[in-house]
Amino acid sequence: MKAITLLFLVGFIGEFQVFSSASSPINCQWGSYAPWSECNGCTKTQTRRRSIAVYGQYGGHSCVGSAFETQPCQPTRGCPTEDGCGERFRCFSGQCISKSLVCNGDSDCEEDGADEDRCEDAESRPACDKDKPPPNIELTGRGYNALTGQFRNQVLNTKSFGGQCRKVYSGDGRDFYRLSGNILSYTFQVKINNDFNNEFYNSTWAYVKETSTEHSSSSKGRFLFFSSSSSSHGYSSNTNILTKKKSYQLLVLQNTVEVAQFINNNPEFLQLAESFWKELSYLPSLYDYSAYRRLIDQYGTHYLQSGSLGGEYKVIFHMDSEKVKKFDFHSEDKRKCASSHFQFLFTSSKQKCTTMEEVLKSVSENEGNLLRGVPFVRGGHSGFLAGLSYLDLNNPAGNKRRYSQWAGSVPDLPEVIKQKLTPLYELVKEVPCASVKKLYLKRAIEEYLDEFDPCHCRPCHNGGMATVQGSQCQCYCKPKTSGVACEQGVLLGDQAGGVDGGWNCWSSWGPCVQGKKTRSRQCNNPSPSAGGKSCIGETSETRQCEDEELEHLRLLEPHCFPLSLVPTKFCSSPPALKDGFVQDEGATFPVGKNIMYTCKEGYSLVGDPVARCGEDLQWLVGNMHCQKIACVLPALMDGIQSHPHKPFYTIGEKVTISCSGGRSLEGPSTFLCSSSLKWSPEVKDVQCVQREAPLTPKVPKCQPWEKLQNSRCVCKMPYECGSSLGVCARDERSKRILPLTVCKMHVLQCQGRNYTVAGRESCTLPASAEKACGVCPLWEKCDAEGSECVCRAASECEEAGFSVCVEVNGREQTMTECEAGVLRCRGLSISVTGIRPCVAEAA
């Protein structure tokens with residue numbers, strides 16, 4: 001059984017505020033459209049695509065509209081699906097299948113059944129006594145987008161048996177099913193886990209970092225993306241549930257139900273779905289990211305190598321960190337909770353995790369004892385999903401019944417879970433120019449993954465993690481921080497300190513030199529400062545050029561490189577643009593290729609951004625330059641810090657300069673970005689000097705009704721009083737008599753209010769209520785069993801409190817609050833006649 005790890009915020013020492021001001025919202029901005037693709041000979045259309053120039057962040061708007069545009073055109077080449085199949089059989093759709101599948105009694109042409117249309121002798125056909133495939137077998141043939149965690153359109157033909165008669169026994173169903181030719185192994189084995197896996201995360205940052213998947217593009221540049229379960233019933237990943245107004249801890253409960261397990265065949269033996277095969281046929285044999293990206297949008301980045309059919313249940317409960325902090329969790333409480341596996345939520349038991357139940361009730365922010373969470377459910381009947389979004393802390397049996405109803409519906413409506421994936425480009429086959437298209441699809445998937453690299457995002461404050469989701473950058477905050485940019489709150493403990501560095505995006509690939517090319521990146525998003533950690537990884541990367549592989553394919557498949565369309569000459573790398581760079585540069589620059597320039601942050605491009613590789617192998621570049629639109633700080637000496645630390649500052653923004661290490665700043669500390677895009681005052685000759693240690697000021701000794709603030713004693717507030725003896729007090733201004741405490745009277749008199757002690761019979765003091773151990777007043781202590789507060793003896797007073805004048809049996813005497821409280825606790829009738837010692841009042 002999986003042990004529970006409770007990640008609670010305890011034992012932190014020190015706090016450090018890294019950022020304090022919110023970042024302005026950044027709206028998403030589209031870039032310019034790329035050139036139109038080659039005209040598709042099958043659909044007689046061409047497409048073009050625009051990429052995102054600026055990702056939305058810090059609460060800014062998403063990009064509106066489609067990234068693609070399509071228009072009709074006149075093709076210069078025919079449709080590949082109209083070509084012949086050689087020695088193979090051609091379906092009406094144009095797809096080619098083995099002749100051994102013709103007239104075998106099965107419709108192996110997925111859409112039209114052409115392979116069985118002209119079979120005269122039906123009795124001589126091979127026969128299988130079972131034609132019924134396993135339930136929901138079509139789920140095993142879908143594509144999968146590894147970035148979004150969503151299943152896409154069908155890529156495998158799960159209806160074809162491949163001319164084989166392989167059967168599998170269902171077990172509980174007492175029936176036999178015939179396996180698809182694409183299935184290597186299929187097992188009916190129901191697995192229901194009665195123990196719920198559960199984890200605590202001390203922040204949304206910790207949850208996303210734990211559940212994110214680390215991906216590598218071909219460039220070996222690693223980055224994280226958030227991949228969550230998606231459901232056909234609408235419970236999909238929605239980051240808006242991770243509210244930005246507070247810091248939250250997360251409790252995650254999850255479980256799975258398995259119905260069957262499957263393994264698909266090796267790629268070379270898989271039969272493709274006709275719709276997917278057609279799209280592969282339509283792909284151009286010249287690299288055009290727009291065309292290949294459209295295929296990725298429709299069919300995903302991977303297909304299923306193996307997995308299980310079943311259901312997946314996960315619910316996330318958000319707990320206000322400030323409320324959780326009020327509860328003291330002992331090691332014994334944690335041990336009980338860990339051993340219970342949270343079964344107390346689903347099964348009635350005498351041994352309950354009491355402390356945990358109290359925490360859940362306190363932080364639920366919901367009515368009664370209903371703990372509402374955010375469910376992520378895959379599989380099962382949609383009618384049961386609403387009941388999975390909450391838990392009734394007083395009705396474990398009801399919780400179990402609702403979960404069991406959903407789990408019981410999973411065998412009838414399963415989804416794929418626990419999937420293992422293979423890249424989609426491994427399925428590029430049985431189409432013209434398959435080797436070339438396979439290479440280009442691999443390149444397009446790498447380019448697609450790079451679009452979602454967090455390097456496109458601006459830094460989150462306080463060490464938050466940025467992820468790309470659609471056209472937005474989302475910040476996930478560390479413990480005790482919150483806000484759209486994680487700008488609110490403080491970092492705690494060993495996380496307090498400087499700003500850790502983050503990688504910027506890779507540069508474009510350099511030219512091929514001896515069959516290799518190189519690119520680089522910088523650790524400046526943000527740059528490490530104030531002792532923060534530097535980036536982990538390499539600053540440069542080298543890999544083999546694709547040119548040699550393309551030249552080899554040109555020899556094997558020369559028809560895929562028509563001379564009229566494929567240039568044999570290439571331009572060198574495009575000229576550099578000061579304060580700018582080439583957008584989506586690519587690896588090679590054939591004659592006729594257009595590229596687009598853009599400017600780095602803080603600059604705007606003026607002029608024509610498009611350049612073209614000419615016939616003379618020279619770049620045709622128009623007049624353009626990057627115009628400064630913001631202020632940039634000059635390089636500062638070591639030990640000088642800027643706040644806020646940003647790559648550039650817009651007009652009207654201020655930056656504050658400070659020194660670290662106990663040194664003092666010479667010169668102005670605040671600078672304004674003026675309308676002339678210069679700093680006012682000018683940032684020059686700023687330096688830090690060692691300052692003499694200041695004399696430690698004498699700390700004044702405050703009265704009990706005072707507190708130390710800014711090196712001087714000031715009056716406390718009444719609510720800051722702790723346990724104190726109750727008295728009746730007269731407000732000499734309004735003549736009202738009201739119940740107060742000795743401490744509160746001292747505080748009010750300190751603030752200039754005139755209160756005097758009145759007789760005890762003049763007001764009703766609050767009745768002494770039974771209190772649990774831990775909150776006993778001065779004159780009480782915990783009993784031997786440690787369950788409730790009982791009266792102390794006068795000699796047992798540990799904290800005396802104020803000295804007051806008390807009348808006992810008609811005689812006034814000076815006592816401490818604790819001594820007087822002991823007498824009152826033991827039933828003696830006493831009356832407080834003054835809030836100071838009797839002798840002092842007499843004087």
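Just so it is clear, glycine is given a Cβ too, placed from its N, Cα and C backbone atoms.
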From CYS455, CYS460, CYS473, partner that Swiss-Prot gives for the disulfide involving CYS457: CYS473
Disulphide pairing with CYS455 per Swiss-Prot - partner from CYS433, CYS477, CYS486, CYS505: CYS505
From CYS631, CYS673, CYS688, partner that Swiss-Prot gives for the disulfide involving CYS659: CYS688
Bond partner of CYS103 - disulfide, per Swiss-Prot - picked from CYS85, CYS91, CYS96, CYS119: CYS119
CYS728: disulphide-linked cysteine among CYS702, CYS763, CYS773, CYS776 [source: Swiss-Prot]: CYS763
Annotated stretches the domain 'Sushi 1' (569-628) and the domain 'LDL-receptor class A' (84-120) touching (3 or more Cβ pairs under 8 Å): no
Model confidence over the domain 'TSP type-1 1' (27-80) (mean pLDDT, whole number): 87
The domain 'TSP type-1 2' (500-549) and the domain 'Sushi 2' (629-690) contact flag, 3+ Cβ pairs under 8 angstroms: yes
Residues in the region 'Factor I module (FIM) 2' (771-843) grouped by DSSP into helix, strand and remaining coil: 17 helix, 23 strand, 33 coil
